[in-house]
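Asker: Below: one structure in structure tokens.
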Amino acid sequence: MEENNIENQREGKGKEVEEAASNNISTSESFYSFEAQSPGGSGLFIPDIPDNEKPVLGTKFQSLEEAINMYQTYAYKSGFDTKLSSSKKNKNKEVIKKYVMCSRAYLPKCNIVKADEGKSRKKKRNVNLIKTDCKAKVIFQKFAGTTMFVVSHFEEAHNHELVPVHYRHLLRKSRQLGFQEEEFINKLASSNIGATKAHQVLSTLKGSHQLLHGTVVDFKNYRRDLNVFVGENDAQMLIDSMNERMTNSHDYTFKHDLEDDGSLDKLFWADEIARLNYEEFGDIVSFDATYNTNKYGMAFVPFTGIDNHRNCVTFGAGLLSKEDITSYTWLLKMFVETFKKQPNIVVSDQDPAMKRAVDDVFTDAKHRLCMWHITNKLPGKVSSNILHGTNFRKDFHKLVWNIYLGPAQFERKWGEMINEFNMKQIKWFNDMFEMRNIWIPAYFKNTEMCGLMRTTSRSESENAFFSRFQHKGHTLIQFMLSFDTAMKKQRYNQEILDNKTMETNPKFKTPLNIERHASKVYTRKIFFLVQHEIYESVFSCSHDSIENEEGVLIYKVRENNIENQVVDKDIEGIQLYTTERKKEFKVLFNKKHMDFVCTCDHFSRMGVLCRHVFYVLKQNDIQEIPNNYIKRRWTPNLIPADIRQKTYNYSKTSAEAESLANEAITMVDFCVKTLIDKEDELRTFVETLRDLKSNVEEKTSNEAPMDKKSKFEKRLGVKVPKLKKVSNPRESRRKGCGSGKRIIGAAEKAKEFSRKRAIKCGRCGKTTKTHDRRTCKEVKDVYGNLIEEEDGEDEDDEDEIDAESDEENEEVYVDATDDEVLEEDEQAEEFWEVDEEAEE
């Protein structure tokens, strides 16, 4: 019955071809997607391979999959592709007969292109698959009552030429992606490397494109299929997988919130390592929103601190579909609920929603606005004459960045500056003065570690770090995989720095024992900062007098050669030059209790002793730093390496299996590397591997093969939800994206104009920023003299001039980075700090 249906289909298609010919329509015009050849072909082609590799009637197989795999292997060696054709099932819906055909079976489809179809905008695939009505096939019949299949029919001859050996790597069988290719694509996707680049890298590693399974298109299709698999279940898959993480680790935190319609609205998560990091380094936290990390436009908000190596460390993160007060308040509440304590200082930009949420939730913390965002607005608030023609900018920076002023001194000097330059009527300065207590250093002097972070540059650096792993087209599942990869990278860098501290000895600059002691108690980076202070205490400090008041020694320490010296340059890269740096400092030393107080407040601000205290220690022949002045946050090995290396998989088995798989690959690589120049021994090794493979195939022959759905679940570590309770987030518009119709103010226009590059006009010969050859209002007469054009001249005449495009005549730098902006501000050379990881 099944064979008769196939023959009827062939006869029907043959009639369609004959009808097209009778209507005087050429074959190439009649068929849209297929190239037609004669139904009978011009000859028979029989594969020239050994008989023991051909299908034999009566051969039995343990399963249908094993039988199909046998024929596909035979087809590859023969030089043709296969296609799974029709099948026959019993009452229980079990396959009892299966047809596997040559890929050129049947006649080509008769898709006659109609006249009105040419106007359709719907794209159609332009593929010329050759169909020759090839009869080559095999039929597998099932033994009743068993799972075994037998070859019941085999047609060997083809009516078309077979594919040459040099092209067989492009056959469908060869192009099927294996475990290695799929795993490679998935791993690189978590590092924001696309399918095209993945194909290029893997082919380079293998040595040739011919040794690689799949083309670039196959790699792209795999990525596409992964995204389609996630599809509308993206949010539910993410929630299920994160809940499973919490089940496997009691210290893992995951919170989410939904919209009224059931769509995902907010997320917050933090793992065990993040909790430990916050416990050690959570005295100051910066957070800022970044974008283009997922396909839904949700804002990514990482919470960033500074670890014991002065590197950025992530305490937790969130995703928000809306950046309003409600969303930020929810996010900060989840943060406090997770970590049980508030930081000393919270740094953010001037976003009103952030400010309101911080004030409502972080009641015990001091909120600090990013100083860079404030000072960067200065050019737009005052006229160019005042900004560039007076000392106002210099005086402004001297005042706001001065770390030695108290609140009363600052307010007095601010009033003097405003009066001197007549700024009383400018609202922005009045507003900044009203909120002076949340951005001026003078109001944070009594807050411990206040000097570590005064801008959101750490958050900006962290956002740049995450941007290497994330992409605006990522699903939530892929976003989380990329986030995990970024965290592994960050924590691996911490391991490297810990190891460097343990395994290396620094070069010493002084003969003092206290310098050697510092190298043992601090991490390497912090030691270099302390070493600089010790060095300066030896070569730049002296004392004018020593007083003794009730057992407390008062040293008046003087610094020499402090001109053009940057305050805290080595400890805080964003610290601007200070103005009016003091030359003399008082150090109070209680020798009985080993207590020190210096008027520079360096220890309070930065957590390490200053050069003035080291000078006093040297004078009193103290060989080691007192224990009460060694901050725990700057010491090494605070986070145990075994905990930092812990990964959060969805089950313990998957972690163990991955470790064993890596070990197996490493051993095979070692053997191949060792035997690469010993051909006979290498051949023996490969034969051994083939035997192992055969044993594995034999043991797993009764197991059902993994379908595409199961493969995707294993690759992504998720499962298709049985019940969908949460829908995907609604695509949101982030703040500032606008509609392109925003009114641009004069200050912003002036700032953009200042970034323009002056060019030479090809018409008047002037070097200017205001026009080019096309927009020039001047023309030359026959003698080369400039003649100004008359008003009202026909615009069409101007357009007929041989003009060059704006791209060729004018270069506009509109999206300068923060570093480029600061380079224009000669008073802010040392301002912007980019984390070392981001600078790479």
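Just so you know, glycine gets a Cβ as well, placed from its N, Cα and C.
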Asker: Which range, 1-24, 241-264, does TrEMBL list as region 'Disordered'?
Answerer: 1-24
Asker: To which of the residue ranges 673-728, 785-840 does TrEMBL assign the term region 'Disordered'?
Answerer: 785-840
Asker: Could you tell me how many residues in the domain 'SWIM-type' (585-621) are helical, how many are strand and how many are coil under DSSP?
Answerer: 14 helix, 10 strand, 13 coil
Asker: Taking all residues of the domain 'SWIM-type' (585-621) together, what is their mean pLDDT?
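Answerer: Here the mean pLDDT over the domain 'SWIM-type' (585-621) amounts to 91.
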